[in-house]
Amino acid sequence: MSIDEGAIDRREAFLHALVREAAELARAGFARQTGQAVSMKGPQDYLTETDGQVEDHLRARISEAFPEDGFLGEEGGGEPGAQAWVVDPIDGTANFARAIPHFCVAIAFIARGEVQLGAIVNPVLDEVHFARLGRGAHRNGTPIRVAATTDITATSFEMGWSNRRPLACYIGALNALFEAGSNVRRGACGALGLAYVADGRSDGYAELHMNSWDCLAGLLLVREAGGVTGPFLSLGGLTAGAAVLAAAPGVAATLSEATGIPLLTGPDLLATAQEEHRRTA
């Protein structure tokens, strides 16, 4: 089934309200997290009561408002279909479970084979990063742009870790970035890492394997803020996960070479993105 712009308009308005509701639930859960049960889904893969509560709320609200849409969530799974909401109820659960206020809720809406809407909220800072395809990216209503950095020795990249790829690949990418002169951080919340690239707070983010609920909203944010990304969806990332790269145009090639993650754009389009960013920075 095809979806028109009016239908996306309605979902955009809905998402603005929905992400605030999710933030309130997550913030309340964080305030009482010391009494929550924490379980492990796998090595370094935490689960709290709040994860389930937030996802259940999002699933119910979306099903009520748009019963024709699919739903894919980190905790409960689901079938994406031709148009669907892809949700991470708490990204950065390891931080959340240890009372570190660096976590978020990430929500994306995908249709026509592309991410149409993306929202990432940090409940503690009350920051909402929001993007709509073709209409730019914003933080709490203020337009944002990726960094204008071109000097690798001035870069600060973030690189996430996944046990789905050999440790040697991760170490190799880190070594390449350090040898190039970059600083490399790890905040343990990939969705926020991508939002910070879109906001110019970080020069790039890469992870050798991410799930779609962790990254779809953030990848749209970066592209709408003038950045460059890898080809996540064309690598089968919606249902199986794939490598993720997002960066400011002036340093994207270095991050791509270090990690072995290709860029979505070809060389000519990358040059166009770089020139456009220089013109508007």
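The backbone N, Cα and C atoms fix where each Cβ goes, glycine too.
Record features, source TrEMBL:
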BINDING   Glu74, Asp88, Asp91, Asp214  Mg(2+) 1 binding site
BINDING   Ile90  Mg(2+) 2 binding site
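Where TrEMBL records a feature, it is marked here on the structure.
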residue	record	Cβ neighbours (10 Å)
Glu74	Mg(2+) 1 binding site	21
Asp88	Mg(2+) 1 binding site	32
Ile90	Mg(2+) 2 binding site	32
Asp91	Mg(2+) 1 binding site	29
Asp214	Mg(2+) 1 binding site	26
Three-state secondary structure, which DSSP defines for Ile90 (Mg(2+) 2 binding site): strand
Inter-residue C-alpha distance, Ile90 (Mg(2+) 2 binding site) and Glu74 (Mg(2+) 1 binding site) (nearest angstrom): 9
Residues within 8 Å of the Glu74, Asp88, Asp91, Asp214 Cβ centre (excluding the Mg(2+) 1 site residues themselves): Val87, Pro89, Ile90, Ala106, Gly190, Ala191, Asn211, Trp213
For Asp214 (Mg(2+) 1 binding site): DSSP state (helix, strand, coil): helix
